[in-house]
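Q: Below you'll find the structure I mean.
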Amino acid sequence: MIFSKSNGREMLILFYECHEIRQVNPIVVSALVSVALLGTAIGQLVFGRLGDLKGRRHVYGMALLLMLVSSLASGFSICTTKRACVLLSLAFFRFFLGLGIGGDYPLSSTIMSEFANKRTRGSFIAAVFSMQGFGILASATVTMVICSIFRRASKPASVYDVPPEADVAWRLILMIGSVPAALTYYWRMMMPETARYTALVEQNVLQAAKDMEKVLDVAMSQIAEEDPLPPTNNAVYPLLSREFLRRHGRDLFACSTNWFLLDIVFYSQVLFQSEIYKRYLKHKDKQDVYQEAFYLARIQAILAVCSTIPGYFFTVYFIDRIGRVKIQMIGFFFMAVSFFAIGFPYYSHWTNGDNQDNKGFMVLYGLAFFFANFGPNTTTFIVPAELFPARFRSTCHGISGAVGKVGAIIGSVGFLWASHKEKEEGYPEGIGMKKSLIILGG
């Protein structure tokens, strides 16, 4: 379910390296990232609420169509040589792609939680979310393949030569993200409405039983035992009410706060990535645009295989054995340890002239990313789909995710700017990497 979302999003990571736009002012780049994240936050709120009002299945299809169209449109961004024109049109389409991606979050989690049984529900939702790792790997692979093909075909005259075909390369990379989205549309439209939504929200128990039998091949009596009707004296209360706050306010605050704090740290990984690129791509003056993009994608693929995907699947295996809260606590703890281990000796050890410990830096970075995925990055996606009743499940998941995306903007933009110790490359003077990493660890 998540594969199309992740693939479409991750296709953008090397966009700046595939054309002349890689020299764009950092202010413009930060604005482009913020616009995409803002679209995601709005999509989570809007589609999350619609999922509770109109049903999961139809709104799920709407979100996918929006992703599909906007992903294709991103490749058709107007202009070819005017950087500002390209970026503005790309930002426009990326905002709508963010809306679709945002809608995918609450609906994917809610649908899986309502189709799964209580005993294996955590593993099922975690397995859905783990497809992000394969989406990242797929996007990096596509980028490497396309850059290799275009480089062999155009043969840049020098490392400073940017062939006109490079403008086609980055567009093709972005547009391929729509392929997995298109492939999933048929299955999304063929699945029935979730039985829990039909029974508990639409109050159509007979139809819910038929749908559950169709999907899980279980008897009607088993469904009735697992999902008994709520008591008839159960008061119906609206979302914006004191009763809702009394019953669910603390849980909603906890989900939102954890997601907010996670995304500040998780999206600030660009700080690490810039350091990794400096260490492993030291001879940029000897690489043309295709080679540079290829090597960046290769690093992304290695990190996905060695850190991201294993972290997801550790969660799939352990979440129903040791629980959500313990995994979230373990993940946050070891993320903090990794940040402190890099942050405190940052200038004295990790960047100390020729004595840079590249292997140690990569191990700590890999551990931080592993425990983010075997930890809060996955559990914050799962828990809101389990804590709230069916009438508010998608809405509350969307609210939690949207608050998280505010943290993502702070992490990916705010800390990227703050990490610069002195004014350089269009960035203002900040507090430096050491203090930034220690704050993120805290």
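Note: Cβ is positioned from N, Cα and C throughout, glycine not excepted.
According to TrEMBL:
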type: DOMAIN; residues: 1-442; note: domain 'Major facilitator superfamily (MFS) profile'
type: TRANSMEM; residues: 27-47; note: transmembrane segment
type: TRANSMEM; residues: 59-78; note: transmembrane segment
type: TRANSMEM; residues: 124-149; note: transmembrane segment
type: TRANSMEM; residues: 169-187; note: transmembrane segment
type: TRANSMEM; residues: 252-273; note: transmembrane segment
type: TRANSMEM; residues: 293-318; note: transmembrane segment
type: TRANSMEM; residues: 330-348; note: transmembrane segment
type: TRANSMEM; residues: 360-383; note: transmembrane segment
Q: Quick test of the contact rule: Cβ under 8 Å, at least six residues beyond the ends. What residues does that give for the transmembrane segment (27-47)?
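A: The answer is 9, 12, 16, 59, 62-63, 84, 87, 90-91, 94-107, 394, 397-399, 401-402, 405-406, 408-409, 412-413, 416-417, 426.
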Q: Could you tell me whether the transmembrane segment (124-149) and the transmembrane segment (360-383) are in contact, taking contact to mean 3+ Cβ pairs under 8 Å with a sequence separation of 6 or more?
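A: Result for the transmembrane segment (360-383) with the transmembrane segment (124-149) is yes.
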Q: Find the member of 124-149, 252-273, 293-318 that has more C-beta pairs under 8 Å to the transmembrane segment (330-348) than any other listed stretch.
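A: Highest pair count goes to 252-273.
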Q: What same-chain residues lie close to the transmembrane segment (293-318): Cβ under 8 Å, and 6 or more beyond its ends?
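A: Residues packing against the transmembrane segment (293-318) from afar: 10, 13-14, 17-18, 123, 126-127, 129-130, 132-134, 136-137, 139-141, 143-144, 147-148, 151, 273, 276-277, 280-281, 287, 327, 365-367, 369-375, 377-379.
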